[in-house]
Amino acid sequence: MGFGMPPDMGGMGFDSSILQLAGYLFMGLVGLIFLAILLGIATLPSFFFTLWNLELAADETRAVTRWASIVGCGAAALACFELHPLVAAVPAPGAAFVGWLFKFTGYLLLTPAAVPALVAVAAPLLPMFPRKLLSLMFRGLRRSMLRTSLTYLALFVLTLVLCLIYAVLYMIGNATSEKEANFKAIVTHKTTIPSQMPAGYYTRFRDACLEDLPPEMRPVNGDKDIMSWSFVLGTTDKVNQRKENMVFLFALEPDKVMTMMDGLDDLTGEEKELLEQACAVMRANPRAIVMSKSRLKALNLQVGQKLKLSGINYANILFEFEIIGELPEGKYEGVSFMNKEYLIKQLEAYPRDTVNNQKGEAHPMMDKCINLIWVKLPTKEAFERLSQIVNDRSKFGTVPVKLETASSGIGTWLGAFKDIFWGIKYILVPAMIGIMSLVVANALSISVRERRTEMAVLKVLGFQPHHVLLVVLGEALLVGLLGGGMSALMAWGLLGSVKFQIMFFGAFFVPMNALVYGPALGMAVSFAGCIGPALAAKNVKVAQVFARVA
């Protein structure tokens, strides 16, 4: 379905792949929830350690203990972050896992250091929150550890799952949003799926961009802003073809990979350097390929090995590759890059293949070997002008083609997912938020009923009704802040991305603004669930409570 293949039809005559897709998404969601529960349980010690440090931060008499604990946590967290890459780089079994544990421990220690430090600094500046009130709030949460833990876990799971869902929706939203300048356009066949165009169309289109367009409308970087994709599907076992032994490749120009391939321009450090070196080798050696880590693992191959592939869509063509690199983690998962020059040479050599082509005919894919053509344009006006040229049958008359913005083209490819994304955004997400609000409201209602005597005693001791309201609201908002903040931190820093194959998107990276939305969501859900119980606690009648006790 992803590459234009005919869908499998069920016995009732409908496209059964939609049900398979729905099941795939459902199982993915279940897996995310279980992952969130495990991570939430693992972060519970950090949560209660943070509460203890917060209690120290509110206690003026324990300043030395407070700052010793906060500074110790911060120093230990920094040490873990420093050790993580060093340990992970050790060439020994299990080193990567141990390095991951150091990273995980660093994030666990970061919250007990950062949040109490902020409270310790801000407490003197907030006279509406007396230190005694803050101490009561923190002690109240630690008093009922089971109920507090369950509330924290509910908020943690909610926020982590929503952060990962947000990563998918955010990345797809960016890919399908229209841009006003320096945007990409894509040339495809007007009627055929998958798009297939003659090899000569790429040269004609490049000439149209660099010569027919007015100078101010031409691609800013000239030929470097134009590239083509050819889809090559091959197998290591021509007789027993299975998904496990298939390789899907983009045949392209290696010198344009770093500038024209989405998602690679943000690479930094070693990953960027290694990919640039691999592209340089691909330019010099047409047989060189770069593969994704997932395909290398599936085929049990390593960098430096050779690979023979029998063409599936390019029938009767044998490709002999040398694996010279791997794509960065999460980038173009399941895909490999090859030099387009090698594909063209194999097609040109096909008429001389006396074994598979005794008649000496040209390969049937010779006039269909260009699938997509990409171009970066400076303005909308340039796009409209180029679209007129592409629609000119005198220039592109062999097969009908169209020019559309990349966002529009990607949106078309994602059409099968549109209803599912709509359901996730407008049904699943609100339902999860509503359920979690009810969970928080139920937990706090029970807590308020159990603590009616405590609330009455506070009023007898001189606390005002708004102080009681602040205690209940503060407890709920604090759990929401820590639950949402910790889960957002784990989603962004520890997990980093959600591995989920949708078309050519292999991984969806959690954006940094999730660090703001996560705590905000946790606090919003907590507020919605606790405002009712908090108002009930505020209105507790002292006489009625002690009359019942008597």
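Glycine residues also receive a Cβ, built from the backbone N, Cα and C atoms like all the rest.
With a threshold of 8 Å between CB atoms, the same-chain residues lying at least 6 positions outside the transmembrane segment (24-52) that come near it are 69, 73, 104, 108-109, 111-112, 115-116, 138, 141-142, 145, 149, 152-153, 156-157, 160-161, 164, 420, 428, 482-483, 486-487, 490, 494, 498, 500. The transmembrane segment annotation in TrEMBL covers 24-52 (among others).
If you look up TrEMBL, you'll see 64-87 (among others) marked as transmembrane segment. Listed as Cβ neighbours of the transmembrane segment (64-87) (distance under 8 Å, sequence separation of 6 or more from its ends, same chain) are residues 49, 52-53, 56-57, 95, 98-100, 102-103, 105-107, 109-110, 112-114, 116-117, 120.
If you look up TrEMBL, you'll see 107-129 (among others) marked as transmembrane segment.
Within the same chain, residues 29, 32-33, 35-37, 39-41, 43-44, 47, 414, 421, 424-425, 428-429, 432-433, 436, 439-440, 443-444, 479-480, 482-484, 486-488, 490-492, 495, 497-498, 500, 502, 505, 508-511, 514, 517-518, 521-522, 525-526 sit at least 6 positions outside the transmembrane segment (150-172) and bring their C-beta atoms closer than 8 Å to a C-beta of that stretch. Taken from TrEMBL, the feature transmembrane segment applies to 150-172 (among others).
The transmembrane segment annotation in TrEMBL covers 426-448 (among others). Panel annotation: around the transmembrane segment (426-448), residues 29, 144, 147, 150-151, 154-155, 158, 161-162, 165, 455, 472, 475-476, 480, 521, 525-526, 528-530, 532-534, 536-537 of the same chain, lying at least six beyond its termini, place a Cβ under 8 Å from a Cβ of the stretch.
Taken as a whole, the domain 'ABC3 transporter permease C-terminal' (432-539) shows an average pLDDT of 81 in this prediction. Under the heading domain 'ABC3 transporter permease C-terminal', TrEMBL lists 432-539.
Per TrEMBL, the feature transmembrane segment maps to 468-495 (among others).
Among the features that TrEMBL reports, transmembrane segment is placed at 515-536 (among others). For the transmembrane segment (515-536), same-chain residues at least 6 beyond its ends with a Cβ under 8 Å from one of its own Cβ atoms are 155, 158-159, 162-163, 166, 433, 436-445, 447-448, 469, 472-473, 475-477, 479-485, 487-489, 491-492.
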*Which residue counts does DSSP yield for the domain 'ABC3 transporter permease C-terminal' (432-539) in the helix, strand and coil classes, in that order?*
84 helix, 11 strand, 13 coil
